[in-house]
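Student: Feature list, courtesy of TrEMBL:
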DOMAIN    B:9-82  domain 'Glycine transporter'
DOMAIN    B:95-167  domain 'Glycine transporter'
TRANSMEM  B:6-27  transmembrane segment
TRANSMEM  B:34-54  transmembrane segment
TRANSMEM  B:66-86  transmembrane segment
TRANSMEM  B:93-113  transmembrane segment
TRANSMEM  B:119-140  transmembrane segment
TRANSMEM  B:178-197  transmembrane segment
């Protein structure tokens, strides 16, 4: 398996994971099958759409290829038919989601660097790409975005994007740098869930 | 009346209908007259703005011409002065809204095809154009977007856009194809309300 | 101090004020430090990002320079460490916010005119720039945007942008026109809070 195939596979997995999370929120809100498919599509593709809009790469990729919607529709159907099962599979879903978070952060950062952005902007864009889908999902469900109150979520994406940008600054491009950065974001996210890491809150007693 | 005049008229009607729906939500939320005008404008123009952003046609049309805001402001004033009356006119308002849904779906799809998108992307963009305004309206009112839980709403827009793209693929461009596609979306939407069509929900007993 | 320095200073102050308002909402919602920084950044920069997207100036300025995020992060840290104090300083925060509102309205209108928009579109874009950050802040906090129900907020931004566009139409460009327009928006906003100005609501007894 070449590096490109490997990364395309990760990209598909990430889109699937985000689509699944959107579909599960839709089911919890008692939406019908079409609402489930729409929220799965919005969650799985919004990050990439915002990334492409901010980089001026329009029409965005999701409107030019068919696979992202095919993948999110599959995720929506899985959630529709196996919802109760998937709800019990919290750990695999969380792992998928963490993988998607890392992939999207690094891919967004990579695309931004290729478009000529400096590293601070590129790292920021990577984070926006990674969290954009989840933010839209929660806004459409009329909830405070989970990324704002879930511990160490956006921070993991930021770390992955920053690690990749650092590698590139030192001349380390290509699959190894990207893979390592994805792994870093993944590891931080999974460890934070596993060990219950928290960040400080403002004292308001 | 030429075909172009006919479609411009439909476009104005659709913008008015969506503006009206935004204004009615604003009144139910007890907003003042300026909040009503702002929500009417957001609802009536957001679909077109998102469409133009995604196609890279910037600044979007609504910033370059004056009539969309004039129309949504008129809708806002109507709702302000005749709100209780309009609330009782649920049927005409629903018919207007269904017409707007069809017009925006077909017009968005048409513009996307003209910009060189393939049909899957063009159909998707048509649907986004048609539902974008309503989604923003409900998000700004801190509600779950009606399109997600209202039966057969986005689906009607999708059907209209898909019918139009199919016609174009078979070489049928122009007013007849567009008119038929608008009528299809309109008919599906109205019939779904009239006969209470529903889509399946995920079983969660 | 030259006019350009003066306006850059105002721009920084406006970004800081909006960042602070986002951070205070995040603290009220009991978000952790990273959530506070994210909401401060979103509130302080969203207006400018939307403005740049609508004008096709991509990647937007905030991704190309480092100071906006530095300023919103500083605002977030201030709110984190001195939250209870700042909450008591409602008047200075409101004044800062009103200044930011005026600066962003005029700067947005100015950039739109420079990009070749006619005055109605430019005034509208100025208003969107000024209120965009606050709208995103409240949507992410799952609240009805304050701009929709707070009396004379968007209207003050609109007045400032319109005054500037009028000056430009009469050949008065430059710092005096801009300064006067900012002052007008600021004065309207502050007076409306001071004297409790309200706009009519739709009668619904």
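Placed from the backbone N, Cα and C atoms, the Cβ positions cover glycine too.
TrEMBL does not curate its annotations; it predicts them automatically.
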Student: Do you know the mean pLDDT across the domain 'Glycine transporter' (B:95-167)?
Tutor: 90
Student: Give me the DSSP three-state residue breakdown of the domain 'Glycine transporter' (B:95-167), ordered helix, strand, coil.
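Tutor: Reading the DSSP string over the domain 'Glycine transporter' (B:95-167) gives 60 helix, 0 strand, 13 coil.
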Student: With Cβ distances under 8 Å as the criterion, find the stretch in B:6-27, B:119-140, B:178-197 that has the most pairs with the transmembrane segment (B:34-54).
Tutor: B:119-140
Student: Who are the long-range neighbours of the transmembrane segment (B:6-27) in its own chain, taking Cβ under 8 Å and residues 6 or more past its ends?
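Tutor: Residues 35-45, 47, 67-68, 71-76, 78-80, 83, 86-87, 93, 96-97, 99-101, 103-104, 107, 133-134, 137-138, 141, 175, 178-179, 182 contact the transmembrane segment (B:6-27) from elsewhere in the chain.
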Student: Short question: which residues 6 or more past the ends of the transmembrane segment (B:66-86) have a Cβ under 8 Å from it?
Tutor: 12, 15-20, 22-24, 26-27, 33, 36-37, 39-41, 43-45, 48, 93
Student: Restricting to the same chain and to residues at least six past its boundaries, which positions have a Cβ under 8 Å from a Cβ of the transmembrane segment (B:178-197)?
Tutor: 3, 6-7, 10, 94-95, 98-99, 101-103, 105-106, 109-110, 130, 151-153, 155-157, 159-161, 163-164, 167
Student: Could you give the number of helix, strand and coil residues in the domain 'Glycine transporter' (B:9-82) as assigned by DSSP?
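Tutor: Split by secondary structure, the domain 'Glycine transporter' (B:9-82) comes out as 62 helix, 1 strand, 11 coil.
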